[in-house]
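For 1-18, the entry in Swiss-Prot reads signal peptide, with the evidence type sequence analysis. Annotation comment: Swiss-Prot describes 37, 80, 112, 220, 471, 496, 671 as N-linked glycosylation site, evidence class sequence analysis. The active site, charge relay system annotation in Swiss-Prot covers 619, 696, 731.
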């Protein structure tokens, strides 16, 4: 018998109200309610965790960590002893981060930190001798202008980038490797778009395992259009007469992209060879991944994509000769191909059609319809599946060459969960390392030789961390228990979170996370806030520990008491390729339909105040909120749009064209996906709020400005529309207390919406849209 949607929701609520207590879950039997300061401003109610730098020594299981007093220590799992290598009083002033050399002889410090983009920053770098504790600058004349620095695996040299040029340091000698770096030429570091959309990091250089060679990418931005971001205050208390202007080479849809080249540096004599990756036209080529597939320096794998990222080719570079060959290729024109950055070298194996000399690597692919683990030979041939099924591998976490195992996390139990497994690439046997019959969200960090690991239970209850040996099933010890947090939370009455699946008319099932207010009673009426992100491949509904954040606050404040629903619509991640690809070439359409359908189902519940259902999203979620309002469905009474895209022509090419393809091939799609229809904005009962930072280098303020102009030009009235800019704030909206103001403003609008008793209608609202005089 098939339950109706309403029945499923009622069952879910009943289960949430009487859910069994999980170990380590606060019983929430107290009377205190979460406050704004506790959830938005303070991190006092957040779980603690430790992160370590595993190091390769004679004994596997050594790692480096930083004590609360700032001192740097090495701890050995085998001996259970720790040693201080840099005492707190010897830490350089204004230290931001550190990296110990592989030979443990020195520490590389980054100081004088200045944020650049999402991942990148500028800093000064110092080298500290572990034995003498003396510190010397990496470069004598540095002025907080070094972009990146990294130890070689041997620990006797450093590659670094300054002024967009690649340099090396060896025993105090600094050598310039490139000299033509500048505003349009980047060596060893990505430009803005490669950092944000392709590499997801601040470096584009890779030492070979034996430190003989260094592969690095060069990005040429000649011809890439410039977008200027203005900073009106520029970190000053009083505004300068003229704003500082930052010119960013930012290719938008169908504009010129940066070109990219692969180079290999011979570290012994500082000679550089450029390796042609000519599998696509240079103007179309995107290099998505570079990985050494060798224990020495013989072979390099380069994953290349075409411009719209629906074709990929893995090129193997024979470094001795410079010759290249296409080992594997993929057609993804039914949607797109994600750059998963997962190539991991395994070693020589005698498998399939290969011989004992064939080198193999593992990688993730969804060519079966679900993302799974495969063995690939550098000689080519069909990939060998290591996992299969209607679930997905989410990440490769370690390779154990000695035991011939790949460790990975997957959604085998449920798409909202993560469990840890190993698979033998010799026998193909899969072994769970955690109880995969119990709902949980795990993450893990393995030692250098994969003999030990730190296992992090990340939810749904309060997180903790334990240390394990791969040879034992019981933990060696607990690293963080968060016992104090559990005890503290016993003082509180907390919102109740539950999960369920909502079937939509097309037959797909959507994951939903529901948060019920403190003291929930089915005899009362509650307003609802939908909190989507909804972008391609993203996931918001997961069984991680749900931070006691703004959403928890609005479910706790007695003057708000909102139910929250987070719905992962079609196009989101970890549900298979078909589910993801449904949104290709039509962003915003199906996602909005799904949110509207879910809201209409929620409105049928007896305890939902159907006249007060709001929706709030940030970035893609802000865009989705706009598309939901555009439908003019009447399902939502308030829209809150934070840092939204409003027209995909205004966003960067590499993200947008991955899903929408080019403007010339999908002009109608771009017209449809832009937020241009205004009736829904005119008719939404409680109005809407648009928030955006003027210094947003990612989703430019231009998006909010253009949307605002469209709405005003089409007669949206002032009582419906509120716009808030945040001077100089980037996409995170944190500059000068902006984040606190932002959340206070959201809370104020939600309070106003909850108490809105009737339509707000000024006299001019009764006139035609030409009311402006």
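Cβ atoms here come from the backbone N, Cα and C positions, even for glycine.
All features noted in Swiss-Prot, drawn onto the structure.
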residue	record	CB count, 10 Å
37	N-linked glycosylation site	11
80	N-linked glycosylation site	9
112	N-linked glycosylation site	20
220	N-linked glycosylation site	16
471	N-linked glycosylation site	8
496	N-linked glycosylation site	20
619	active site, charge relay system	20
671	N-linked glycosylation site	12
696	active site, charge relay system	22
731	active site, charge relay system	20
Worksheet item: Which of the active-site residues 619, 696, 731 has its Cα nearest to the Cα of residue 671 (N-linked glycosylation site)?
Response: 619
Response to the item:
Among the recorded positions listed as 37, 471, 619, the Cα nearest the Cα of residue 496 (N-linked glycosylation site) belongs to 37
Worksheet, complete the sentence: One of the recorded positions 37, 112, 220, 696, 731 has its Cα closest to the Cα of residue 619 (active site, charge relay system), namely 731
Worksheet entry | Rounded Cα-Cα span from residue 696 (active site, charge relay system) to residue 731 (active site, charge relay system), Å | 5
Worksheet item: Between residue 112 (N-linked glycosylation site) and residue 471 (N-linked glycosylation site), what C-alpha distance do you get in Å?
Response: 43
Item to complete: List the Cα distance (Å, whole number) between residue 80 (N-linked glycosylation site) and residue 220 (N-linked glycosylation site).
Response: 50
Item to complete: For residue 696 (active site, charge relay system), identify the closest of the glycosylation sites 37, 220, 471, judging by Cα separation.
Response: 220
